[in-house]
C-alpha cells in the first residue's frame with residue numbers, strides 16, 4: 001500500500017523492484033475493495049560484456065503473486081530467475097546510466113543552485129572581512145603606532161598581547177582534537193583524490209570501506225605527529241598523553257557505536273552485521289599498523305619540534321577578561337559560526353544523506369568537492385573574523401573557542417539529520433539506531449575536522465596581526 005521496494009547490489013551495481021502491487025476496487029471483479037498481492041517470483045536481467053556485468057535489473061512477476069489482503073500469517077516460498085544477455089557496452093561506461101539519472105534537469109538545477117549559493121555566501125563573507133580588516137585593523141595599527149605612549153590608545157586587541165599566546169587549559173585534549181581533526185581532514189581529501197582518479201565510484205561499497213579503513217590507518221601518523229608537535233611547543237613533559245588521546249578520541253566512540261549496532265543486527269538477524277572474522281582482522285590491522293604509526297610519528301613530532309615562537313612575550317599572570325555581552329559569548333558565536341557554512345552547503349548535505357540512506361543516486365564527486373571546499377573556505381573566513389571580534393573586546397581565551405566555532409557546523413548537520421529522519425518513512429528500533437548511530441559518528445568527524453581547521457586559520461591570523469603590531 002505504501003509502494004515499498006527493495007534495494008539489492010550485484011557486483012556493486014544497485015537494483016530495485018517493488019515488493020508487491022495493489023489492485024484497486026475498480027479493477028476487481030467482485031468489487032469488494034482493493035486487494036494486496038506480494039510478488040513471489042523475482043526476475044533478474046543481467047547484461048554482461050565478456051566476464052563482467054554491465055547492468056542489472058529486477059522485476060516482480062505479476063503472474064506469480066500471493067494474496068495478502070487478509071491479515072493472517074503466510075508461509076511463502078520465494079523463487080527467482082536470471083536471464084543473461086551479451087551487450088557491447090564497455091565496463092568503464094557501466095556507471096553512465098546512474099550518472100545520467102543524477103544529471104536530470106531538476107537535479108542539475110539543484111546542484112547548480114547549491115554551487116551558486118555557496119559562491120555567493122563566500123563572496124559576501126569575504127567582502128565583510130575585507131572591509132573589516134582594511135578599515136579597522138589597519139587603522140588600529142596606524143593609530144597605535146603614532147601614539148604608542150598614550151595609555152588611552154592602548155585598548156582592544158593590542159592591549160592583550162601579553163595574554164593572547166598563553167596556552168589553553170587541558171592542553172593534552174586540545175592537541176588531541178587538533179591531531180585527530182587533521183587526520184580526518186587528510187582522509188577526506190585522499191578520498192576525493194581516489195574518486196577523481198576513478199578508483200572510487202558510487203556503490204563500490206567494498207572499495208570505499210576498504211579505502212576509508214586503509215587511509216585512516218595510515219594517517220594515524222598524521223594524528224600522532226600533529227598532536228605531539230603542538231603540545232611540545234608549549235610543554236616539555238606529558239606529550240605522551242596527547243598522543244594517547246589522539247588515538248582514542250575518534251576510534252573509541254566510533255567502535256562503541258559499531259559494537260552496539262552490530263549487536264542489534266545480530267539480534268535481529270540481518271545482513272548488516274559484521275562477521276566476527278572481519279572484526280578480528282580489522283582489530284589486528286589497527287593494532288599492528290595504526291598504533292605503531294601513531295606512536296612513532298608522535299615521538300618524531302616531539303623531538304623535531306622547537307618551542308613556540310610567539311610574536312609577544314606572555315606574562316606570568318593572566319589578565320582578567322571584561323564582562324561580555326550575550327552576543328559575544330560562546331553560544332552566540334557557535335550559532336553564527338555554524339549557521340553560515342551549513343546554510344551554504346545544506347542542499348548537498350541533503351543529497352549526501354539521501355544517497356547514504358538509499359533512495360537517491362549521487363555520482364558527481366566534483367559537485368561534492370565544491371560543496372566541501374565551500375565549507376572549508378567559509379569555516380576558515382568566519383573563524384578569522386570571529387576571532388578578531390573576540391580579541392577586540394579584550395577576550396584572550398580564543399584557543400578552545402575557535403575549535404568550538406568551527407565545529408559547531410556539525411551540530412547543525414546533526415539537527416538536519418533529525419529533520420531528515422522525521423520526514424522519511426524510516427521507523428523501528430533497528431533502523432532508528434542505525435540511522436542516528438552512523439549520523440552521529442559522521443557529524444562527530446565533521447566537528448573534529450572543522451574544529452582543527454578553524455583553530456589553525458585563527459592561529460595564522462593572530463600570529464600575523466601581532467607580528468605586524470610588533471613590527472610597528
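For all residues, glycine too, the Cβ spot is worked out from N, Cα and C.
Per TrEMBL, these features apply:
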type     : residues : note
TRANSMEM : 111-134  : transmembrane segment
TRANSMEM : 173-201  : transmembrane segment
TRANSMEM : 207-231  : transmembrane segment
TRANSMEM : 243-270  : transmembrane segment
TRANSMEM : 276-300  : transmembrane segment
TRANSMEM : 367-391  : transmembrane segment
TRANSMEM : 403-422  : transmembrane segment
TRANSMEM : 434-455  : transmembrane segment
Against the transmembrane segment (111-134), which of these stretches has the most C-beta pairs under 8 Å: 207-231, 243-270, 367-391, 434-455?
367-391
Hey, which of 243-270, 276-300, 367-391, 403-422, 434-455 has the most Cβ-Cβ pairs under 8 Å against the transmembrane segment (173-201)?
434-455
Relative to the transmembrane segment (243-270), which of 276-300, 367-391, 403-422, 434-455 accounts for the most Cβ pairs at distances under 8 Å?
434-455
When you scan the chain for residues with a C-beta under 8 Å from the transmembrane segment (434-455), skipping those not six or more beyond its ends, what do you find?
177-182, 184-185, 188, 249-250, 253-254, 257, 260-261, 264, 272, 337, 341, 353, 356-357, 375-376, 379-380, 383, 399, 402-407, 409-411, 413-414, 417, 421, 426
